[in-house]
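Taking it in order: structure first as C-alpha cells, then the write-up.
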Amino acid sequence: MTVKHNLMKLFPLLLAGGLLIGIISNIVAPINVKESCLVVIISVILWYLWPYFKVKTNQLSQKTVTWCIGIGIILIFIIQLIVLRYLPATIYHDPFRVLYQAEHLSQGQHVWSSSTYFWRYPNNVPLAFLLSQWLKLTTFIHLSTNTALHILSIVLLDGFILIALSTIRKISRRNSEALAILTFFIVSPFAYTYYLQVFYSDLPILICLMLCFAILERWTSLSKKSKTLNGLLLFGLILIGQLIKPNLIVFVVAIIILMFYLLLNNRKTLVKYLLPLSIILLGFVATISVKTAIDQTVDFSNNTKYELPTTNWIWMSYNPKGNGTYVGADIKKMTQLPTKAARQSYNEKEIPNRIKSLGVTGVVERWVVKVGVLLNVGHIQRSYTGGYIEATATYQKYQSQLSLLGSLIMRVGFIFIYGLAFMECLSLIIKKHYAINPTRDLAILLAVGYLAFHALVWEAESRYGQPILPLLLFINASLIPEKQTDLTLSKPRSRTFLLSGTLLIAVLVFAVWSKPLLSSKKMLVAGQRSQLSLQYKAKPTWISKNTTISQTVVLNHAATKLSISAPQKTHLYAQLVSIDDHRSYALIHKGSTLILHQKLASGKYKIVLTNKSTNQQKVELVSTQKFKLTPHPLVINQQHFKYRSLIYDFSYHV
C-alpha cells in the first residue's frame with residue numbers, strides 16, 4: 001500500500017519540476033537583465049510580505065472580505081469599460097478569422113471559400129459555429145458585433161474571476177489567498193488586455209475548467225436534484241470545452257489514472273466520484289457526434305488539399321532550428337505537399353530524423369525549453385492584438401513604460417502563483433503518508449498532463465499554458481496549511497537571510513548593468529491589422545480605373561512610418577494627406593506593402609489610393625458584416641462603407 005501511495009507522489013514531483021522551470025522562465029525571459037532584476041526584486045518583496053499579509057487578512061471578517069471582493073469586481077468592471085472605450089485593440093490572426101466566419105454563419109451564409117484557413121485548421125469550425133449562435137441572438141436585439149463580443153468577453157472573464165474567488169474561499173476557508181488573487185486580477189493586465197479585447201478559445205476553457213473542479217469539489221455534499229443539474233452542467237462544459245479546445249483530451253488520461261489509483265487504494269472514494277467522472281468521460285465521447293453534426297449544419301467539408309495532419313505539430317516542435325514553437329518555414333513546407341496523406345507520410349519519415357538530429361541531450365533540453373515557453377507570461381497580454389486602433393495621447397505618452405509595467409506584473413503574479421503551488425507540491429512529496437484528495441489529485445494530474453502533452457508531443461506557446469492557471473488556483477486553495485498566528489514561524493532567520501541576499505544581489509546587478517531597461521522597439525500609433533491573410537489565399541478586391549479609395553486616420557502621437565498592405569505587382573497611386581495642413585506624401589510600393597517613411601505630427605490624416613491605370617487593379621480590403629474595424633469608414637468614390645477598411649499601421653521606434 002505504501003508503494004502505491006508513493007507512486008502517486010510522482011505527479012506532484014513532476015508538477016513541481018515544471019513549475020520551477022516556469023518560475024525561472026518568467027525571471028529570465030524576455031531576455032533583459034534589468035527586467036529580470038526587477039522581477040526578482042518585486043518577487044522577493046512579495047514573498048517577504050506574504051506571511052504578514054496572511055496574518056492580517058485572515059483576521060478579517062467574512063463580511064469584510066465579501067465587501068472587498070464586491071468592490072474589487074466593480075473596480076475591474078469599470079476599468080474594463082474604460083479600456084474598451086478608449087483603447088480598443090485591432091484583432092488579427094486566428095481570432096479574427098473565426099469571428100469573420102461566425103458573422104457569415106450568423107447571417108446564414110455557409111461559405112467556406114473566403115480563405116483556406118478552416119480547411120487547414122478544421123478544429124476551429126465548432127468555435128465559429130458557437131460564436132455565430134451568440135451573434136444571432138445579439139443581432140436579434142440589434143446589437144453590433146463589437147458590442148456583442150465585448151459583452152461575451154466581460155461575462156466570461158468576470159465570471160471566471162468570480163468563480164475562481166468563490167471556489168478559493170470555499171475550499172481554503174481562508175481570506176489571504178482569495179484577497180491576494182483578487183489583487184492580482186485588479187492590478188495586472190490579465191483582466192484588461194488579451195482576455196478582454198480578443199474572443200478566442202482560451203478564455204472559455206479557463207471558465208470551463210474552473211467550473212468543472214468547483215462542481216467536483218462539492219459533489220459529495222449535493223442533493224440528488226442538485227447532482228442532476230450539476231451533472232448536466234458538467235456534461236455541457238466538457239462537451240463545449242473539447243469542441244473548442246481539443247487538447248482538453250488530456251483530461252481523459254488524468255481521469256483514467258485517478259480512477260485506476262482509487263480502484264487499487266480507495267474504492268469507497270471511487271464510488272463517490274464515479275458518477276461525475278463518468279459524466280465527464282461521456283462528454284468527451286459525445287463530442288465526436290456533435291462535431292459531425294456541426295459540420296453538417298454549417299455545410300463544412302474537410303479539404304485534404306489544405307489540411308495538416310496531427311503529426312505536423314510533432315514534427316514542427318522538434319525542429320532543430322526552433323525552440324518548440326510555431327515555425328513558419330515548416331508550415332510552408334507542408335503546404336507545398338499536395339495532400340494530407342502526403343504530409344502525413346513525410347512527417348512519419350522525418351520525425352525520427354529530427355529526434356535523432358537533436359540527440360538525447362537535445363531532446364531533453366527541448367522539453368525543458370517548451371515547458372518554459374508554455375509557462376511564460378511575459379507577452380501573453382499582447383496575444384492576437386496588433387496594438388490599439390487609435391490609442392489616446394495620454395496612453396501613448398507612456399506606452400512603452402506601461403507595456404513594461406504590465407509585463408512585469410504578469411510575470412511576478414504568475415511566479416507567485418507558481419511558487420505557492422511549487423511549495424504545496426513539495427509538502428505532498430515530503431509527507432510520509434500521501435493523503436488522497438480526489439479533486440486536488442485530479443487537478444495535479446491534469447496540470448501534469450498539459451505540461452507533458454506540450455513538452456513531449458505538441459508545439460508550445462504561452463497561451464497553451466494558460467489552462468493550468470485555474471488548476472493551480474484550485475491546488476493552492478486545496479493545500480493551504482493550518483492557520484498560523486506567529487509571524488516568527490513564517491519568517492525564520494534563514495528565510496530572511498536568503499531573501500535579503502537575493503534582493504541585494506538583484507539590486508546591485510540592476511545598478512551596475514549598463515544596457516537600458518527600455519530597449520528600442522516598434523510602437524504602434526494607429527492601425528487596423530485585421531485580415532484573412534494572403535497565406536490563406538484570401539481574395540483581393542478588384543477596383544476599376546479612376547477609382548479612389550480613402551480612409552481617415554487620427555494620430556494621437558507623432559509617427560515616423562506608415563505601412564499599408566497591398567498585393568504585389570498592383571499599380572496604385574498611394575498618398576497620405578494631412579487634413580490639418582493639406583500636405584500630401586507619396587508612398588512607395590515594396591513587395592506586398594505600400595510604405596512611407598516620414599515624420600508625421602499628431603493630427604488627422606487621410607490615406608488615399610487611386611487606380612490611375614487603364615486596367616483593373618487589386619487592393620487588399622477587409623469587409624465584415626457588422627464588426628466595426630475602425631472609427632472611420634472606408635470611402636470608395638464618395639460612397640461610405642462602415643464595415644470595411646484598409647490594412648495599415650502608423651508606427652515609430654523608441
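A Cβ is built for glycine as well, from the same backbone N, Cα and C atoms used for every other residue.
Annotation comment: TrEMBL describes 36-53 (among others) as transmembrane segment.
Sequence-distant neighbours of the transmembrane segment (65-87) (same chain, 6+ residues past either end, Cβ-Cβ under 8 Å): 57, 150, 154, 157-158, 161-162, 165, 169, 175, 178-179, 182-183, 185-186, 191-192, 196-197, 388, 391-392, 395. Annotation comment: TrEMBL describes 65-87 (among others) as transmembrane segment.
The transmembrane segment annotation in TrEMBL covers 147-168 (among others). Proximity of distant same-chain residues to the transmembrane segment (147-168), defined by a Cβ-Cβ separation under 8 Å and at least 6 residues beyond the stretch ends, is recorded for 69, 73, 76-77, 80, 84, 99, 134-135, 138-139, 177-178, 181-182, 185, 191, 195-199, 203-204, 206-207, 210-211, 213-214, 217, 470, 473-474, 476-477, 627.
As annotated by TrEMBL, transmembrane segment applies to 175-192 (among others).
According to TrEMBL, the transmembrane segment annotation covers 198-216 (among others).
Same-chain residues lying 6+ beyond the ends of the transmembrane segment (228-244) with a Cβ under 8 Å from its Cβ atoms: 126-127, 130, 201, 204-205, 208-209, 211-212, 215-216, 219, 222, 251, 275-276, 279-280, 282-284, 286-287, 290-291, 294. If you look up TrEMBL, you'll see 228-244 (among others) marked as transmembrane segment.
According to TrEMBL, the feature transmembrane segment maps to 250-266 (among others). Same-chain residues lying 6 or more positions outside the transmembrane segment (250-266) and placing a CB less than 8 Å from one of its CB atoms are 1, 4-5, 8, 238, 273-274, 277, 280-281, 284, 436, 438, 441-442, 445-446, 448-450, 452-453.
Sequence annotations record features per position, and here TrEMBL assigns transmembrane segment to 273-294 (among others). Sequence-distant contacts of the transmembrane segment (273-294) (same chain, six or more residues past either end, CB-CB distance under 8 Å): 125-126, 129, 212, 215-216, 219-220, 227, 230-231, 234-239, 242-243, 249, 251-252, 255, 258-259, 262, 300, 438.
The feature transmembrane segment is assigned by TrEMBL to 408-430 (among others). Residues of the same chain lying 6 or more positions beyond the ends of the transmembrane segment (408-430) and with a Cβ under 8 Å from any Cβ of it are 9, 12-13, 15-16, 19-20, 22-23, 26-27, 35, 38-39, 42-43, 46-47, 177, 180-181, 184, 187-190, 375-378, 380-381, 444, 469, 472-473, 475-476, 479, 481.
For 494-513 (among others), the entry in TrEMBL reads transmembrane segment.
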For the transmembrane segment (36-53), the distant same-chain contacts (Cβ-Cβ under 8 Å, at least six residues beyond its ends) come to 26-28, 176, 179-180, 408, 411-412, 415-416, 419, 484, 487, 490-491, 496, 499, 502-503, 506-507, 509-510, 513, 517
Residue list, the transmembrane segment (175-192) vs rest of chain: Cβ under 8 Å, 6 or more residues beyond ends.
50, 53-54, 57-58, 60, 62, 65, 68-69, 72, 75-76, 79-80, 83, 157-158, 161, 164-165, 168-169, 381, 406, 409-410, 413, 416-417, 420, 473, 476-477, 480
Cβ under 8 Å, sequence separation of at least 6 from the ends of the transmembrane segment (494-513): give me the contacting residues as numbers and ranges.
33-34, 37-38, 40-41, 44-45, 47-48
